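See below for the structure under consideration.
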Amino acid sequence: MPYSEDTIAAIATPPGVGGIGIVRISGPLVEEIARRIFRPKKPISHLKSHHFYYGHIIHPENEEIIDEVMVVLMRAPHSYTCEDVLEIHCHGSPLVLKQVLELSLKLGARLAEPGEFTKRAFLHGRLDLSQAEAVLNIIQARTERELQFATRQLQGYLGQEIKRIRDCLREFKAHLEVAIDFPEEEVEIAPLDAWLPRIENQVLKPIKGLLQAYSKARVLREGAIMAIVGKPNVGKSSLLNCLLKEDKAIVTSIPGTTRDIIEEVLNINGMPIRVADTAGLRKTKHAIEAIGVERAWEKIAEADIVLLVIDVSRPLGKEDKEIYEKIKEKDIILVLNKSDLTPKIDEKVLKKEFKDLPIVHISALYGQGIEKLEKTIYHHLLGRDVSMPSFIPTLRHKQVLERAIEAINRIKEAMVNGLPAVFISVEVKEALDILGEIVGETTSEDILEYIFSQFCIGK
């Protein structure tokens, strides 16, 4: 992508008033700008790298003091961008920051584009593209778990996994090149079919593992959608209030009280869940309730997980079974409410009727069993092992990996069918190029521009 070695500057702290604000400058004019506008409290011959200095920012034309500051110079290549970087730590007044930034621009810097500091770190090889994306994920993280996986990606786990996969493909390609270049000569090379197990175990299997992790990453990043469903008056609204630990839904003994979707955000072990309390599912002639039921079915279709609530103090009814039949393709947890009352349903019958769904007994009235239900929801969505060394947090990665799977399957098919090495080599190069898009080695300019445009100015 086009890259000019000019000097860029931007305010690096969020908009608004704060205790401290930072102006960040990167590029070849950094030291000249510092010399023109910074006056240290104690005279010094030059700024040492990675040392903080106390002093004032002054206007270079009239030496009028603009602010009392701390500055730090980080010389290349030991900086975020691998260029000379100057950070000016001012009081957090928007006016002060604006004046300091304007001075930098007058002295030869230009205003940085969104994400341009991180883009320069990528272009200088300090970060691969997956790590650059992790910076944005860290900035945007909403939960501890989301932050944990973004930090792992920043440390390079994903890039390292992609490198291992590509190294295997590169070795295979070199093997093919020998077969292509020396077809008639006595060069000892392993038969191509000997590579099939390696392609399967060292390329295809790891990629499939990363793809399987994507759904977990999506849940952590975007939050899961959970619908609470059941026939009227089984305690759905009471359950919602229990999970939220506050009264958000109206609770009465009158069936059909909830006539619209009530949505709130629940946090279980750092995982955001958008939970929806739906209208009781039944046939009704009441126009408004019928609209609520229709919306309930729409929300169920969107849901990642469904809590099917059944009142165990009443016999299992026809409506309960009909609801299950309509949603049985969804990921379901069977919630048996009113367990504080005498049960009227045999659990063996439930297991038979509902095909061994996970069952949790609760009393929404007294808050019993809610902790167990939360654990069941969490493990149902993420599985019991979430300590994965590399994670796929973006849709872009998923799409790239799916294309890589297709290319690798073509490689396997060509090998099984005994096609010439030259044809297989073309497919291997295609797979290498596709995987290179994740770390930025073969990514188009348009995609790079889009990725970095998602950043704020100053990062």
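Any Cβ shown, glycine's included, is placed from N, Cα and C.
Bear in mind that TrEMBL entries carry predicted annotations, made automatically and left uncurated.
Annotated (6S)-5-formyl-5,6,7,8-tetrahydrofolate binding site per TrEMBL: Arg24, Glu87, Arg126, Lys459, in sequence order. For the recorded site, Lys459 ((6S)-5-formyl-5,6,7,8-tetrahydrofolate binding site), the DSSP three-state label reads coil.
Marked as GTP binding site by TrEMBL: 233-238, 252-258, 277-280. Neighbour density for Lys236 (GTP binding site): within 10 A of its CB lie 32 other CB atoms from the protein chains shown. According to its DSSP assignment, Lys236 (GTP binding site) is helical.
The annotation K(+) binding site is assigned in TrEMBL to Asn233, Thr252, Ile254, Thr257.
If you look up TrEMBL, you'll see Ser237, Thr258 marked as Mg(2+) binding site.
The annotation domain 'TrmE-type G' is assigned in TrEMBL to 223-382.
Within the same chain, residues at least 6 positions away in sequence whose Cβ sits under 8 Å from that of Glu87 ((6S)-5-formyl-5,6,7,8-tetrahydrofolate binding site) are Ala12, Ile22, Val23, Arg24, Ile25, Val71, Val72, Met74. Neighbour density around each Cβ, counted as other Cβ atoms within 10 Å, peaks among the binding-site residues Asn233, Ser237 at Ser237. Neighbour density at the Cβ, taken as the number of other Cβ atoms within 10 Å, is lowest among the binding-site residues Arg24, Arg126, Lys459 for Arg126. Ser237 (Mg(2+) binding site) and Lys459 ((6S)-5-formyl-5,6,7,8-tetrahydrofolate binding site) are 44 Å apart (CA-CA, integer value). The average pLDDT computed for the domain 'TrmE-type G' (223-382) is 79.
Of all residue pairs in Arg24, Glu87, Arg126, Lys459, the annotated binders of (6S)-5-formyl-5,6,7,8-tetrahydrofolate, the farthest apart have Cα atoms separated by 19 Å.
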